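Annotations per Swiss-Prot:
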- P2: active site, schiff-base intermediate with DNA (ACT_SITE)
- E3: active site, proton donor (ACT_SITE)
- K58: active site, proton donor (ACT_SITE)
- R284: active site, proton donor (ACT_SITE)
- H105, R124, K167: DNA binding site (BINDING)
- 258-294: zinc finger (ZN_FING)
Amino acid sequence: MPELPEVETVRRGLIPAMEGVRIARVTAHRNDLRFPLQTDFVARLGGRVVTGLGRRAKYLLADLDSGDVLLMHLGMSGSFRVAMDGGQEATPGIFHHPRSESRTHDHVVFEMDNGAVISFNDPRRFGYMKIVARADLEAEPFLKALGPEPLGNEFNAAMLAQACAGKATSLKAALLDQRVVAGLGNIYVCEALYRAHLSPKRRASTLASRTGAPSGHAERLVPAIRTVLNAAIEAGGSSLRDHRQTTGELGYFQHSFQVYDREGEPCRTRGCKGTVKRFTQNGRSTFWCPSCQK
């Protein structure tokens, strides 16, 4: 599943084709995605101008001049394929699944007034789209329980310490909880914990001191999360499994992995003689260096 950097890369890649542009026509080839498309889905989108293209956690949000918002999630294998004015197609993001010649996996197609044709391609059909009134967006079940954006001003050591205070769960599990912080996934949590030299097994509650103030662990972790995410966005995300940029190019952040998918390799921390280990934690692979992550 794409994480925050991959979705942000997709958003940036779609902006030239969508933002400020009228949707001339929408075709839904099938509506049985993860959730069925609304019965008025096509009617509410046709003729509308996309006034802005944003992101909340792992969701894309297309603001429309009607006051509606098109909520989009890529699922496990979803991608947007963009053809600009009859030219060669490009794919914003990081995607691996090849597109079928018959285009049977193009489930929703947007034809834009600027000549762009944007196809939502999803072989596994775990992605979904939903139109929500802007006034109702905060109450939308998919969004209302989400924690703060890790790259936003609201996210800081004090906030993270407060969210984790008293939690008996592991630090990694807490960071993957979208109610604590939105948009983080397995890859970038492993990388951020390594950068902060914190064990994924550490109790989440240790981010708060006895007084409730953020501990030194929290003070290290927040900038580590920001650094890892910003570096991944700059690199275009990670090209593991299902995700490729809108240009069709692979992301390069996987070449900068410090621990993820590096089991058995030497730790890259200067002076550390440890080896990267892998273990299963809450059903997911965790990569870390036991020697320097405490």
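Using N, Cα and C of the backbone, Cβ positions are placed for all residues, glycine too.
Give me the structural setting of these features: burial, nearby parts and distances.
DSSP assigns P2 (active site, schiff-base intermediate with DNA) to coil, not to a helix or a strand.
DSSP assigns K58 (active site, proton donor) to coil in the three-state reduction, outside any helix or strand. Neighbour list (K58 (active site, proton donor), Cβ cut-off 8 Å, at least 6 residues apart, same chain): M1, P2, E3, L4, V7, H73, L74, A182, G183, G185.
Taking Cβ-Cβ distances under 8 Å and a sequence gap of 6 or more within the same chain, the neighbours of R284 (active site, proton donor) are L176, N186.
Cβ neighbours of R124 (DNA binding site) (same chain, under 8 Å, six or more residues apart in sequence): G75, M76, S77.
Below 8 angstroms of C-beta separation, residues 170, 172-173, 176, 186-187, 190-191, 193-195, 197-202, 240 of the same chain, each at least six residues beyond the ends of the zinc finger (258-294), sit close to that stretch.
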DSSP-wise, what's the residue breakdown of the zinc finger (258-294) into helix, strand and coil?
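Split by secondary structure, the zinc finger (258-294) comes out as 0 helix, 12 strand, 25 coil.
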Hey, what's the Cβ neighbour count for K167 (DNA binding site) at 10 Å?
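There are 18 such Cβ atoms around K167 (DNA binding site).
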What whole-number value in Å do you get for the largest C-alpha pair distance within H105, R124, K167, the residues recorded as binding DNA?
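Taking every pair of listed residues, the largest Cα separation comes to 42 Å.
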